[in-house]
Structure formats: C-alpha cells, structure tokens
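Database features (Swiss-Prot):
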type: BINDING; residues: 74, 76, 89, 92; note: Zn(2+) binding site
type: BINDING; residues: 471, 473, 475; note: Mg(2+) binding site
C-alpha cells in the first residue's frame, strides 16, 4: 500500500473468497466513533419514522451506525455544513461526514442463538454433511429441531456418538438415567438445533481426521474411496485456508449498507423498498422475540420453536426458497434474497462487474450479407455515426466545415450528405470488432472492415457464421471500435476474419460453406436430364464467351438449366470423359475435329488447338464466371 498525493491506493495480488469468522463479521459492522462510542449493532426492525421521514435510531437505516443521510448534517440538525467534519453530535450520536459512506458502512445483528448457514448446509455438495460424515437428511433433522444428536455418550452403553434420537427415545433414556436403580454416573449429553451442530463441528480435529482418512484411502476401493477423497478434499481446503468448521454456523449476520437496499418515496406518499429490508426485519423481529423469551425463562418448547423460526428467517435472507416455503411479499411475489442478487445472468457479477457497458460499443441484430466480402460487415449508418462521432467531429473541424464541437454535433444530428461523406472517409480502413456471446474461443471476436448500410441490422458474411456459432434467427452481436493505432493494427493483422480460416483448436478449416450456400451451388450446377441437348453448330445455342451466355440469361433468352455450346479455349476437367475421343474428322482446310461427349476440339495440321467448344449449362457458366471473376480481383 502506498500513499501519494493524499490518495491511498490499494495494490492487490488477488481477491480471495473464504468463510468469515464471527469476529470478522462483527469487525465489518462495528466501528468506534471519534468520541469513543462503539456502534454497529442493529437491534430494531424499524426503518424510517413515518412522521419525520428520518431513519430510526438503531434500526435498519440508523444514521449513527451507517452515517448521515444528508451530507455534513447530523440526525437532529445541530451540526450542518462541512466545517463540522468529523464531529460526533453529542445529542444524537451521528458523525458529521459525507452521506456516501452509507454505500459501504455495514452493520451486524448479534443472534440470540446460533444459526446454520444455508449455503453450507443445503448446497451441493453439503459441506456440513461431508465434514461430519452424517447424511444431509439427518443434519437437517438436527438443525430444524426434529431430532436430538448425542454429543457425549457418558456411561450409557447403548448410545453412540453422533447418534440421532427422536423426542420419545430421549425421554425414555432420561427416565432410565434418573431412575432410582440407575447405575449411570456420567450422564450422556444430547443437543438439538444449530447449537448442537456447532458443538459437533468444534469437536472435529481436522489434522487428525485427515491423517486417518489418508490411511483409510490406501485400503479402499470404488464408491467408498470416492467418498473418502471428497471428504479429505474439503478438510484439506479448511486446513489450507485456516478456516474453522464451526464458522459455518453463524453467531452474527452482517447487515449490508443501507444505500445498497434503499427505500424510496413515491409520488403518492407511499414507499418502495428493497426486498432485503423485509427479510432483515423478519430476522430482527424473531431474534428480539427469542432474546425476550430467553430472558423470562420461557418453556423450552416455545424457545425451541422460536429458534427454528429464526433459522428459517436467516435461511430466507441468505437464499430464499433454498429450503422450506418461499417467503413472498405483495402480489405473492418471492422476495429477492442476497443469493438472488448475486447469482445468475442478472446478478451482481455477470450483470454489473463482468458485463459492464463500455464506450465506443453498440449492439444489434445480425442479418445475412451475401454481397459482402469475407472480411467485411455491414454497419448501420445510425450506429456508425454514433460510434465514430469523435472521429467525424475532428475531421469536420479539420476540413473547416464547422468551427467548434457544438456546431459539429448539430450538423451530425441532421445526418446530411456532407456528414455521410466524412463518415465514409473516417471508416475507410478503420476496422471494427464484432463479438457474439458466449465467446467460447478466440474466434468468437473477429475484426471486419465496416461498410455503411441502411436499416438497423448488422450485416454478416455467411461464411464466418460457424466461427461465431451464429445464425440469423434473431441472434445479436456487439460492435467495438479499436481506438489506438496499435489496437487497429492488431485487429487488422491478427483478427481480420479472412486471416482466421483455420480453427485454433483442431487446425481444420472453420470457414466452410453450408446450408444455403451448398444448396445454391448444387442448384446452380445441377444437370436436368429432361432438357434436350442442342446439336453442335446450332447458332441459337452457341456462344462465343462466358459473358455472352450471362447476357442471354439476363435477357431471359435461355433458362438456368438449359444446355448451350460455349467457346472456351481454357483447360477443361471432366471426369465423365473417356481418354480418347469418340470420333476424329479430317476437315477440308486440313484441320482436324475431335468429337468428345461434351466438347468439340479443332486442331490445325501442326496439332495446335484452334478452337474448343464445350457443352455445358447456363448455371455452370454463371458459377465459373463468378469464381474466375473473384479470383482475378484478388
């Protein structure tokens, strides 16, 4: 940690998530004010006073615990303005500071009875069950007050350590222990609820168990061995992180900062509040009721029922619906617990931390762009003008079209031809990155040269779809603009779609035609047996070049699958042809005509080729012309 220019910067090597000890949970929420007063414990379920609309003291929005709700102003209003910074009001006990501290200052609730953490109890796998080597069903029976568990067998011969007993079984054993003729001196000790679970976890000697398990593994096979390995893996993790198993049972629960679970006043005077406040309120109410019952020495059955209800309230706060009935609010909607806020696609990690929106990026639906080159993509004008706006503004000012940024922005909003011309110049040679989620391999994000198109959809060449695993049934893709010259160079040299033809995983081509392209190629080159082949010399069906055939097709003088004779002096590759011509004719001028199945070759007396006519279809001519045209351009 270094201190420079009065700013403290933290340099981390890594972030680690581990179980928090009860003391650490208290430390998160407990603070000593400048006047020496210790605050942090939330003891009241109230949120705000309905008359004054100010937070209640020691409640879920308490200003003494979490900080003032207005900048530099205490609860009672005695101290206002920044000049009183750091002073603790002697009347209300609120520290005069910025209100933004309410975004990170935490509190805690001291529980009247230990409570099991639902993640470790009901998670898959259940770490509590694995550590104790007790089936999960039995652990739940203990935690939710259905069965007793033997913590100490004493002198009783029929009992075993960690054995489960029902209410009736324990009453029978009690009668046996306290009978007049009883010989039991050391009484067995049983427990129930999370307290018993905590006792069992405290009794574990992890190092000794690890040694015993390692010896047992050497002589075990099959399913038993797999179970032992699973258990030793959990134990080793506890040892490596210096975490104690009993920390899976909570003595205190943290209360997250109030600005992360806000309460907002609506127009009609009503309040909208975060679900967490309702869940915290349930916990505090039940905790306070349990503490009161313990104080007045209420019957055990009532106290036990209250402890079970406290356990269920904490379960709902941490992970609502994981066990038992889901807690619902108004309109029978399930309340969002801490787990719901963290997990899933809309959770804190994926939505806010990993999936942040970045500048110079956009998103739209993709449609097929068959007329594009492989390294090109169609970028909607509306999107391009927004993404490249700083570049366009710079060029407009440099070309003296406008004098300042404000005028440039006004001109851009009109989107006239002048702006579009400048935009065209800007995007010329400036690659953009296209990304399709999920990005499972490096070809999930590739660079393309943008081409301005109308509409609001991004056009994508069909050949690059396999790399993105994209199709055109409503898929969306993200656009990013590389800004630095180095980033643009890297995008052009390494990430351009035409440079990523082979799969990095297998080395095989990933750019392969499929679906429409294969079907189209087949239809174009298919031979129709029903069409009559013209005789050689038929002037209606004889053409001097590929272009002449295409012109005739465009004029609708010939159909796509009709046979034609075409003069073509290039090499012809035909698997169906035999090695020798069907017939050879000597012509009057001394030349020679070779008659093949699908071609007629004419040679002079020195055996030089004079002309070659091939019998083919219009579709095959179109296909060959397209290939020759594209190859000659590259």
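Quick reminder: no glycine exception, Cβ is built from N, Cα and C everywhere.
Swiss-Prot feature annotations superimposed on the structure.
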residue: 74; record: Zn(2+) binding site; CB count, 10 Å: 24
residue: 76; record: Zn(2+) binding site; CB count, 10 Å: 14
residue: 89; record: Zn(2+) binding site; CB count, 10 Å: 21
residue: 92; record: Zn(2+) binding site; CB count, 10 Å: 17
residue: 471; record: Mg(2+) binding site; CB count, 10 Å: 13
residue: 473; record: Mg(2+) binding site; CB count, 10 Å: 7
residue: 475; record: Mg(2+) binding site; CB count, 10 Å: 17
For Zn(2+), what surrounds 74, 76, 89, 92 with a Cβ no more than 8 Å from their Cβ centroid?
75, 77, 78, 79, 91, 93, 94
Those same-chain residues, other than 471, 473, 475, found with Cβ within 8 Å of the centroid of the Mg(2+)-site Cβ atoms are 366, 470, 472, 474
So of all those binding-site residues, 471, 473, 475, which one's Cα sits nearest to residue 76 (Zn(2+) binding site)?
475
Could you check which of the binding-site residues (471, 473, 475) sits closest to residue 89 (Zn(2+) binding site), going Cα to Cα?
475
How long is the line from the C-alpha of residue 475 (Mg(2+) binding site) to the C-alpha of residue 74 (Zn(2+) binding site), rounded to the nearest angstrom?
53
Between residue 471 (Mg(2+) binding site) and residue 74 (Zn(2+) binding site), what C-alpha distance do you get in Å?
59
How many whole Å apart are the CA atoms of residue 74 (Zn(2+) binding site) and residue 473 (Mg(2+) binding site)?
58
Under a three-state reduction of DSSP output, how is residue 89 (Zn(2+) binding site) classified: helix, strand, or coil?
coil
Quick check for the class: what is the C-alpha distance, in angstrom and rounded, between residue 473 (Mg(2+) binding site) and residue 92 (Zn(2+) binding site)?
62
DSSP state at residue 74 (Zn(2+) binding site), helix/strand/coil:
coil
